[in-house]
């Protein structure tokens with residue numbers, strides 16, 4: 001049913017979502033991914049097959065779910081002004097929850113760093129830990145991430161001004177900057193002198209930077225989807241709520257990374 005036909009029968013601007021299998025499928029896929037990963041890490045499962053299967057189901061169901069959302073927003077006209085306000089509010093609540101998660105990780109870091117136990121050598125980083133230097137890859141990553149914030153803002157302003165070519169160029173540059181950031185972060189992890197199992201320092205370091213790393217992978221996927229949608233004329237100067245939320249997400253991750261860099265890489269070393 002198109003938006004025009006629905007308006008004859010529906011006296012409110014809200015989207016009455018049709019029954020969909022994807023929320024429950026994604027929920028069970030996430031549960032399976034968490035359980036299989038934990039069981040594999042603790043040796044209860046001898047291989048990674050269950051992890052790969054859960055990840056495949058999660059990615060496939062997420063793609064199909066996003067496909068339906070794009071169809072509802074672009075072709076069916078379900079995302080009215082009231083719906084877009086609700087989406088923006090929900091995304092802001094999501095961002096708040098992410099900030100609180102990282103606040104807990106910073107709390108854990110400061111709890112151990114400001115009063116290191118005697119078992120750690122009464123110092124921070126603990127005895128035997130060779131910390132990552134802040135003037136190496138982390139500094140390059142900081143420059144890359146701040147640059148991505150500038151290019152995505154440039155793309156957004158170009159889209160609002162109706163300059164499609166500049167909007168596409170800025171978005172594409174942002175996407176590749178995020179890919180480079182993720183690659184540099186992976187190189188840093190593979191060359192680090194400590195692992196997540198090296199005491200509280202390794203645990204809290206990889207928990208904080210690793211969680212940010214996963215969010216950056218998600219951000220790269222979101223930017224890629226928005227680039228595809230912009231190429232296909234799904235985004236207009238007045239209606240691009242998905243792109244707006246992605247831009248907010250980019251800036252939030254930029255700020256979180258600045259705190260991670262200052263605390264984990266500079267102050268903590």
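Note that Cβ sites are derived from N, Cα and C of the backbone, with glycine treated the same way.
With respect to the membrane, residue 21 and residue 240 are annotated on the same face, judging by the topological domain names in Swiss-Prot. Packing against the transmembrane segment (165-188) from elsewhere in the chain are residues 132, 137-138, 140-141, 144-145, 147-148, 151-152, 154-156, 158-159, 209, 213, 216-217, 219-220, 223-224, 226-227, 230-231, 250: each is 6 or more residues past its ends and has a CB under 8 Å from a CB in it.
Sequence-distant residue pairs (6 or more apart) of the transmembrane segment (249-265) and the transmembrane segment (81-114) include at least 3 whose Cβ atoms are under 8 Å, placing the two stretches in contact. Mean model confidence for the topological domain 'Mitochondrial matrix' (74-80) is a pLDDT of 71. Applying DSSP to the topological domain 'Mitochondrial intermembrane' (42-48) sorts its residues as follows: 0 helix, 0 strand, 7 coil.
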